[in-house]
Amino acid sequence: MDHLPIFCQLRDRDCLIVGGGDVAERKARLLLDAGARLTVNALAFIPQFTAWADAGMLTLVEGPFDESLLDTCWLAIAATDDDALNQRVSEAAEARRIFCNVVDAPKAASFIMPSIIDRSPLMVAVSSGGTSPVLARLLREKLESLLPLHLGQVAKYAGQLRGRVKQQFATMSERRRFWEKLFVNDRLAQSLANNDQKAITETTEQLINEPLDHRGEVVLVGAGPGDAGLLTLKGLQQIQQADVVVYDRLVSDDIMNLVRRDADRVFVGKRAGYHCVPQEEINQILLREAQKGKRVVRLKGGDPFIFGRGGEELETLCNAGIPFSVVPGITAASGCSAYSGIPLTHRDYAQSVRLITGHLKTGGELDWENLAAEKQTLVFYMGLNQAATIQQKLIEHGMPGEMPVAIVENGTAVTQRVIDGTLTQLGELAQQMNSPSLIIIGRVVGLRDKLNWFSNH
């Protein structure tokens, strides 16, 4: 270990930055956030330093480097574009046994600055020891995505509860289970973020007073259309906290690889016209696992409230009194159209979008006359097997046969395939494609040749 990671208490302690440019400003922000009593020495300063000085947040000393400024300092940073000057600052600090950071020169410094994830009071620091700052930044960004934005507020609030929790729960095991429950409670985190004192109190009392083997909860998460990079930040956090993940066929392997390793995985895949697991049985799986006190994630492709039957599943939970929440996902219409270069709306071609299920029930009829109108985009989910019927009905009700159409297979995935043509060809085109596929009909499809960015990658 080349460096010892430490967290310094700098509040109301003298610190010095030598340099008045953009790099120095970034370092100054960190020291000001830490509460340091900051002096900045430079020949000239960018406007931000002047603004801080005018607000009484720091002291500016204009002129050449003055070593005496180090005499009362706890910490110094050399942040100029003059290597020789930076070396002088470092040596002067070393002579006074003051830790000094030299920007972009770790070998000349007595301490280095890590990449920081700030969820105060929770702080995470990542460093490559100065050997690969880009790697440290990438790791920081990955960790940022895993830590909820309001985690710091929850951590601070937890500190206020420590005494009461110690009184309430006799054993260390009980306390640990309580804290695990508190830190993953979305309602508490949101209430703290909104400063909703009533909700904070209600949630806290519920968490403290309910038995530790209480019923669990279900989180309905939209996995997006396929590309794992389109999974939302909150969705990622939920699947990495789950005890059980109940998922279907439209959830990609790449997304399942992000699921918490020791979580139970229950596959309930569905295909058009054939349900591998009946919907009622899926409802009962969610109910049964939650009643065991587990944190259950129901992971569905796209958005769970857009042709995902998410509402039906939640009704069962609601009737049983099981707590639940919903994390929306990018729906297939949005993802597939974007990755195919087809804007769903356009000032010249489409003022509205219609999302339509292609599962046409026996005896059920869509409003084909309105669907055939111009200046709109139609998106049919699960419509591959009904493509010929869709073609026939739209033409019968007045849609021009030359209306552009596209079918997107495995949208947003590396295996995405897109075929386009006209409405008169729709039934024939559908025979060349496999499920899952999305049908897009409208003048906007004509923009695909110009805007098709994904296939070029």
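Glycine residues also receive a Cβ, built from the backbone N, Cα and C atoms like all the rest.
Per Swiss-Prot, the S-adenosyl-L-methionine site holds Gly301, Gly302, Asp303, Ile306, Thr331, Ala332, Met382, Gly411; the candidate it also names there, chosen from Pro148, Pro211, Pro225, is Pro225. Recorded residues Ala332 (S-adenosyl-L-methionine binding site) and Asp248 (active site, proton acceptor) have their alpha carbons 15 Å apart, per Cα-Cα distance. When every Cα pair among Pro225, Gly301, Gly302, Asp303, Ile306, Thr331, Ala332, Met382, Gly411 is compared, the largest distance found for this S-adenosyl-L-methionine site is 16 Å.
A Cβ within 8 Å of the Cβ centre of Asp22, Val23, Leu43, Ala44, the residues given for NAD(+), is found for these other residues of the same chain: Gly19, Gly20, Gly21, Ala24, Ala42, Phe45, Ile46, Ala79, Thr80, Asp81. Counting only same-chain residues six or more apart in sequence, the Cβ atoms lying under 8 angstroms from the Cβ of Ser128 (phosphoserine) belong to Leu135, Ala136. Each of Gly224, Leu250, Phe307, Gly308, Gly329, Ile330, Ala333, Gly335, Cys336, Tyr381, Leu438 belongs to the same chain as Pro225, Gly301, Gly302, Asp303, Ile306, Thr331, Ala332, Met382, Gly411, is absent from that list, and has a C-beta within 8 angstroms of the C-beta centroid marking the S-adenosyl-L-methionine site. Cα to Cα, Pro225 (S-adenosyl-L-methionine binding site) and Leu43 (NAD(+) binding site) are separated by 55 Å. The number of other Cβ atoms within 10 Å of the Cβ belonging to Asp22 (NAD(+) binding site), over all protein chains shown, comes to 10. DSSP classifies Asp248 (active site, proton acceptor) as coil under the three-state reduction.
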